[in-house]
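The block underneath contains the structure these notes are about, expressed in structure tokens.
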Amino acid sequence: MASQRVFPLSCVVQQYAWGKMGSNSEVACLLASSDPLAQISEDKPYAEELAEKLHLQAPQHYPDANHKPEMAIALTSFQGLCGFRPVEEIVTFLKKVPELQSLTGEDATEQLKQSMSGGPEAVASALRNCFSHLMKAEKKVVVEQLNLLVKRISQQVSAGNSMDDICGKLLLQLHQQYPGDIGCFAIYFLNLLTLKPGEAMFLEANVPHAYLKGDCVECMACSDNTVRAGLTPKFIDVPTLCEMLNYTPSPSKDRLFTPTRSQDDPYLSIYDPPVPDFTVMKMEVPGSVTEYKILAVDSASILLMVQGTVTATTPTVQGEIPLQRGGVLFIGANESVSLKLTVAKDLLIFRACCLL
């Protein structure tokens, strides 16, 4: 194995409670397609094909000292929360949703309103204060106010009234999944993005976010650190989250990350974020192409077959490596790989690497 530079990888999946059930999960389907011995249980969820101070304070929850920027590229229509909304939007929600203002408090709400006439530092300070008041609100009070809001929205919807101006449909969906969860109120502070297939969002370290619905390819820095405060069955650490977040507001369009098209390869799109940790390449190859060459890069990389059936060959490996939907291939640095289509259907391939 030490001499091999290109070889297939066997993957495992996570069964987090928030994953989709059984064969409704894209992850489960990818696993079943790539591994004929895999058994998918229809009653189980499937998800995810697999900073220094936090590490020192709580190594059991933050196992390493690395930061964790990440990128999500939509495979289907994909909905997520990402980064703080412009303050004007948050203030509008505070006016329209009295249940929310009951949790942030009058003083923090007024400070946020006043900050709109100040500079970036005043805005960030006021936003931090207001959001922290929300997240640290007493659990009993959160449940009471959330129930009041759910009741109000449900009554209005039943009467035929639209509640889109306060994200009523989304609030009800989140409350159904996570009843009484403080994270339901986060939709009024964070940008709501709906991505089309191929669109992406990039999340710098310390940017608050939540993935709500849909399938995506996710790539991140090598870190196990995630600080959570809501909409999750996992460990929650509200004080650390409120302390560490980036409180710079921005419109939702600023959170979209646009890939560049390769000048040398008409089928290649490159998602190259402003961090040295990773780059993602997306290859969409029409089924009419009989052979496609994966060009060498100066770092090791991992290839994921989302659609298509091919055989892979490389100058340094004897024989062919069969790859189909769900297959994963390790490619050593400076190695090129040729893919021969064995079925004349379009390929969708993602490659994670570092452009050194």
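Here, residue 1 is simply the first one shown, and the rest follow in order.
For all residues, glycine too, the Cβ spot is worked out from N, Cα and C.
Because TrEMBL annotations are produced automatically, they should be read as predictions rather than curated entries.
Remember, predicted model here, so these are calculated numbers, not experimental data.
Per TrEMBL, domain 'Phosphomannose isomerase type I catalytic' is recorded for 6-48, 49-87. Positions annotated as Zn(2+) binding site by TrEMBL: Glu70, His209. According to TrEMBL, the feature domain 'Phosphomannose isomerase type I helical insertion' maps to 104-190. According to TrEMBL, the feature active site maps to Arg228. TrEMBL lists 270-314 with the feature domain 'Phosphomannose isomerase type I C-terminal'.
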Three-state composition of the domain 'Phosphomannose isomerase type I helical insertion' (104-190), taking helix and strand from DSSP: 67 helix, 1 strand, 19 coil
For the domain 'Phosphomannose isomerase type I helical insertion' (104-190), mean pLDDT (0 to 100): 95
Glu70, His209 as binding-site residues, winner by CB count within 10 A: Glu70
The domain 'Phosphomannose isomerase type I C-terminal' (270-314), counted residue by residue under DSSP: helix, strand, coil: 0 helix, 26 strand, 19 coil
